[in-house]
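Since the structure comes first, as structure tokens, the remarks are kept for the end.
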């Protein structure tokens, strides 16, 4: 009897929160900034998630699958992905709505998830990793490696970088954002200076089932260095001068009278 009363109290609290949830969404929609005046159809996605993993709470805001903001719950502030978005990150006035969403999500996970465990199938995504450079590759010039992780669900993972199988430190915190289809994607960035024989790897480990995806990067199609460009220009100039001299010689020879009888 006591157990039934406790379950009823939990469900009653859940119904009350479900009734309040649309009101919190209305506050959020009213404070959503208009970034571009474009008559085409676009999608602004505000996704808050919580889970038994790292990170245990997260919020991402995307525009047509491109992340604009994440949320730092320890500082209670938005974090722009690019400096150009900083002015929109401040003063949105929806901190109370975000706090409500966080509490609601944590309550669902705490009160409802244990009752559904073993009764509904568990979804898993096999992560796919890809590594590429942020700027065109030039040996000896600073650049950034990007590890892009797709098909991520649930969004709990660790990312490790290696150079010639040795761990590399200094990577940026992993950025997670929601995409269409109730899945997530993530980005990890590593600043580096490329050399001709580099071999970098990005290892992505899914915390739930310990599934690991590895992506490798080796230099390909590098732009010519300044020294090589100067050498090629010098060779081209020398060939041009040599061709001019040969042309003049042939012209002079053609003007000489033929020796006859």
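The backbone N, Cα and C atoms fix where each Cβ goes, and this holds for glycine too.
What Swiss-Prot annotates here:
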SIGNAL    1-26  signal peptide
REGION    27-124  region 'Alpha-1'
DISULFID  50-105  disulfide bond
DOMAIN    114-215  domain 'Ig-like C1-type'
REGION    125-217  region 'Alpha-2'
DISULFID  147-202  disulfide bond
REGION    218-231  region 'Connecting peptide'
TOPO_DOM  253-261  topological domain 'Cytoplasmic'
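Annotated features, which come from Swiss-Prot, shown on the structure.
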{"residue": "50", "record": "disulfide bond", "DSSP class": "strand"}
{"residue": "105", "record": "disulfide bond", "DSSP class": "helix"}
{"residue": "147", "record": "disulfide bond", "DSSP class": "strand"}
{"residue": "202", "record": "disulfide bond", "DSSP class": "strand"}
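With respect to their backbone Cα atoms, residue 105 (disulfide bond) and residue 202 (disulfide bond) stand 31 Å from each other. Look at the disulfide-bonded residues 50, 147 and count other Cβ atoms within 10 Å of each Cβ; 50 has the fewest. Neighbour counts of Cβ atoms within 10 Å were taken for the disulfide-bonded residues 105, 202; the minimum is at 105. Summarising model confidence by region, the topological domain 'Cytoplasmic' (253-261) averages a pLDDT of 58. A gap of 25 Å separates the Cα atoms of residue 202 (disulfide bond) and residue 50 (disulfide bond). Straight-line distance linking the Cα atoms of residue 50 (disulfide bond) and residue 147 (disulfide bond), rounded to a whole number, equals 24 Å.
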